[in-house]
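A.B. asks: To start, I am sharing the structure in question, which I have written as structure tokens.
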Amino acid sequence: MANDKIVIHGARAHNLKDIDVTIPRDKLVVITGLSGSGKSSLAFDTLYAEGQRRYVESLSAYARQFLGQMQKPDVDSIDGLSPAISIDQKTTSKNPRSTVGTVTEINDYLRLLWARVGEPICPNDGTPIASQTVEQMVDRIQKLPERTKLQILSPIVRQKKGEHKKIFEKIKREGFVRVRVDGDIHDISETFELNKNQQHTIEIVIDRIVVKSGDRSRLFDSFEAALRLSGGYAIADVIGGEPIMFSEHYACPICGFTVGELEPRLFSFNAPQGACPDCEGLGIKLEVDEDLVVPDKSLTLAEGALAPWNPISSQYYPEMLKQACEQLEIPMDVPYEDLSKADQQTVLYGSNGKTFHFHYQNDFGGVRDVDAVFEGVINNVDRRYHETNSDFTRDVMRKYMTELTCQTCHGFRLNRKALSVKVGGEHIGMVSDLAIGKELDFFNELSLSEQSLVIAKPILKEIRDRLSFLQNVGLAYLTLSRSARTLSGGEAQRIRLATQIGSNLSGVLYILDEPSIGLHQRDNDRLIGSLKKMRDLGNTLIVVEHDEDTMRAADYIVDIGPGAGENGGEVMAAGTPKQVARSRKSLTGQYLSGKRFIPLPETRRPGNGKKIRITGAAENNLKQIDVDFPLGEFVVVTGVSGSGKSTLVNDVLKRVLAQKLNRNSEKPGKYKSVSGIKNIERLVNIDQSPIGRTPRSNPATYTGVFDNIRDLFAQTNEAKLRGYKKGRFSFNTKGGRCEACHGDGILKIEMNFLPDVFVPCEVCHGKQYNSETLEVEYKGKNIADVLQMTASEAVKFFEPIPKIRRKLQTLVDVGLGYVKLGQPATTLSGGEAQRMKLASELHKQQSGKNFYILDEPTTGLHSEDIRRLIGVLDRLVDAGNTVLIIEHNLDVVKSADYLIDLGPEGGDGGGTIVATGTPEQVAEVAESYTGQYLKPVLERDRAREATAPAK
């Protein structure tokens, strides 16, 4: 058959309904559909899984034991499949040694460049350090103008105290007649009386030369003698000119600072040859932070001002503090901030050798009765962190420590030798600290000597290409020194995308998961250009995406639907964007054609007149900004990628509120002051972290509805007859659960060189409960049947019971009606976990003074899901709460009551407030990139509403 198509027959992974799909090869193909409709099941669990499996199966059994063997996806056949590479959103390494530079492998090229064309400069006196052969030294002298007078000196003593009598005797024995001592020429026959308490420099005059063409062999002999006597150093003292220093080592001829031979590993902070000896190549050091140890300085010592010694966890340290303060006369009923400096120092750093008598009896009768030195809370935390063998204790102590820049390497991670080598006047650490856009400018403008340019040309090409790829996927604001663990999922994915573009492969099937996440519309245009470039190399790109611009730029769209979960898994439309837009049954098509759209709000809420004000925010790239966050409104923070949105909201505002309201120990980013916190009662951070880390956590347990369901089953007649209580219906405790699988429903079978296999438990057949428990039914369904219901099915089933129905309805309201109540939390995506948290907030009693923070809640959402999400957020705001979100999606941005737009650019070019106000006001600000993209959307939607039929 023709090789221009990938043909899938009978795909049944997860909720796919035995579908047949034909995808054109060497095209940009978007798979879209509602959240949970089966997009990822088709793209990742079918296409990628089969492409990867076929490759792994071609390897030997020995190799497979290291790679693992993937299960064959549930599909009849796939024809025309290429080798598959998945570029997903899973964040990169959590290793603190991984940086953007190491992940992209640009660091390897930088290290090679500095090793091959770098020029060592002595950090002590600024003298160039070079390694030269005798032939190079002779060539250098012969390039001087003819008749130039000079003398060849051998520096045998450099800036050393002493009389040096043995040195002068040695010079006489060698047969030399002249010597230069502290800059003055003397005859060796003179008697030298040097002050032994002063530093002296002694240089032997090897030869006096007038430069002319026939003196090459004489110069050779002179330099060899000079180098032999001094251990590798020589000076050409040009009469009437500057002296020329020579060395056959990489060492400073003045102070002796040694670099050694330049090798790439010298410039690696992960190698002992290059790493800073103080921080071991991390660039940071952990220090106990007073602000974390005493987070609320208005508290007294008796009230628990010292967080690590809080009486909640143990009475030992509070009792020790009490007895120490009594005997050292430190008041415990005075706010910490009002204690004298001396008392604060004693509490923090100890009693400086003074002892106190300590008597303590624990709950088990153990007695400690000693005269002890009070060590202070900071010393105590530091000691326990470094001495403990317990991971738990180390994690607890780590909460009171902060990462400070290493003062030895100033955060560059490398030792003095590596940082002394310059290319273009800069060391490798300084260049790695530049934003990628500026770094690209540095290498484009780099001026090198003719010889160095020949060596550097291929290296520079690789560096420039890779930096350009990163810039083109919207990452110009990042630095190569940025730690990989601080990257968002979208940033990590785009870094891998740039790496793949740099590989220049063709004939590959790339599968991407929402690469537009975290990208402003301005940066998204560049990303689409990069995707097209990969396609034009002869690759097939399959992108799971909801972004309208990406869909319109695609060659082909596959729309999966019509609903989510059991209601999805079918192909609703497939074709070019124009063909899909004409499809009546495709929800995506209706949004593409404009027949369906998210309407503008009828009015913008004015809020309650109160606000939270942050002044002097200066963390990362924030430029000492003052920001007002109005309360009782739907507030959206916008700005191009890297403009400072996450820094402002997550690192400053969220941590300030968490510290003041929740007594959280996490240190906020730099700011001067905060006001207005008294106007809110509760901070709720709804992020995309998992709702549970074990398969036993599920939507029913997280939302709390499972407690109500277990109560209901315990009240049935059958349960009462058998004496079953609520605990009988838990799969976490003995009694009602299946003991063969301990309530997991599955068993793990280890398979040597094959991956572990998980099979349903043969006793309970995956139902998690024993047969006696499953005999108890409510309306013909047992507890396992209920856990297999989707939220939508469960709403109908529990219709007569308001307490259960209300909680389940919130799951449907946030677009999770397709999720099964017993679905393991580990299988939920980040977006699903975030909406699960939203749902659990909706059914709580609202005080009207909650402050909700969400970071990009539209991740993984179709336009129809976004419409539903906006409705949910509106419900929270209508109840009097404040919702603050970071978002790029223009449907959400246009629905806000108030916008805070940061920028104007990313990285160093950002960090200021470009515009604030309603979407209409921001759209009129010419300097705002958000406003430029928002204005046509507002105009389009007003026109749509004007022509839409009356409801």
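Backbone N, Cα and C atoms are what each Cβ position is placed from, and that goes for glycine too.
Annotations for this protein, taken from Swiss-Prot, read as follows:
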- Gly33, Leu34, Ser35, Gly36, Ser37, Gly38, Lys39, Ser40: ATP 1 binding site (BINDING)
- Gly639, Val640, Ser641, Gly642, Ser643, Gly644, Lys645, Ser646: ATP 2 binding site (BINDING)
- 309-587: domain 'ABC transporter 1' (DOMAIN)
- 607-935: domain 'ABC transporter 2' (DOMAIN)
- 252-279: zinc finger (ZN_FING)
- 738-764: zinc finger (ZN_FING)
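Help me picture where these features are in the structure shown.
C.D. replies: Look at Leu34 (ATP 1 binding site): DSSP puts it in coil.
In the three-state DSSP classification, Gly639 (ATP 2 binding site) falls within a strand. Of all Cβ atoms in the shown protein chains, 30 besides its own fall within 10 Å of the Cβ of Gly639 (ATP 2 binding site).
Using a Cβ-Cβ cut-off under 8 Å and counting only residues 6 or more beyond its ends in the same chain, the zinc finger (252-279) has close neighbours at 97, 102, 107-108, 110-112, 114-116, 118, 120, 122-125, 127, 129, 131, 155, 158-159, 233, 235, 245-246, 285, 406-409, 412-415, 417-418, 420-421, 428.
The average pLDDT for the zinc finger (738-764) in the predicted structure is 80.
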A.B. asks: How big is the Cα-to-Cα gap, in Å, between Ser35 (ATP 1 binding site) and Ser641 (ATP 2 binding site)?
C.D. replies: 25
A.B. asks: Near Gly644 (ATP 2 binding site), how many other Cβ atoms are within 10 Å of its Cβ?
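C.D. replies: Step by step: centre on the Cβ of Gly644 (ATP 2 binding site), count other Cβ atoms within 10 Å, giving 28.
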A.B. asks: How far is it from Lys645 (ATP 2 binding site) to Gly38 (ATP 1 binding site), counting Cα to Cα, in Å?
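C.D. replies: It is 32 Å, counting Cα to Cα.
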A.B. asks: Over the span of the zinc finger (252-279), count residues by DSSP class, listing helix, strand and coil in order.
C.D. replies: 4 helix, 2 strand, 22 coil
A.B. asks: Which has the fewest other CB atoms in a 10 Å radius around its CB: Ser35, Ser37, Ser643, Ser646, the listed binding-site residues?
C.D. replies: Ser646
A.B. asks: Using a 10 angstroms cut-off on Cβ to Cβ distances, just flag whichever of Ser40, Ser641 is the loneliest among these binding-site residues.
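C.D. replies: Comparing Cβ neighbours within 10 Å for the binding-site residues Ser40, Ser641, Ser40 has the fewest.
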A.B. asks: Beyond Gly33, Leu34, Ser35, Gly36, Ser37, Gly38, Lys39, Ser40, what residues of that chain have CB atoms within 8 A of the centre of the ATP 1 site's CB atoms?
C.D. replies: Ser41, Ile560, Gly561, Ala564, Gly568, His862
A.B. asks: In Å, rounded, how far does the Cα of Gly36 (ATP 1 binding site) sit from the Cα of Ser646 (ATP 2 binding site)?
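C.D. replies: Each residue's Cα considered, Gly36 (ATP 1 binding site) and Ser646 (ATP 2 binding site) end up 27 Å apart.
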A.B. asks: Can you grab the distance from Gly33 (ATP 1 binding site) over to Gly639 (ATP 2 binding site)? Cα atoms, rounded to a whole Å.
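C.D. replies: With distance taken Cα to Cα, Gly639 (ATP 2 binding site) is 27 Å from Gly33 (ATP 1 binding site).
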A.B. asks: For the C-alpha pair, I'd like the distance in angstrom between Ser37 (ATP 1 binding site) and Gly642 (ATP 2 binding site), rounded off.
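C.D. replies: Taking the Cα atoms only, Ser37 (ATP 1 binding site) lies 32 Å from Gly642 (ATP 2 binding site).
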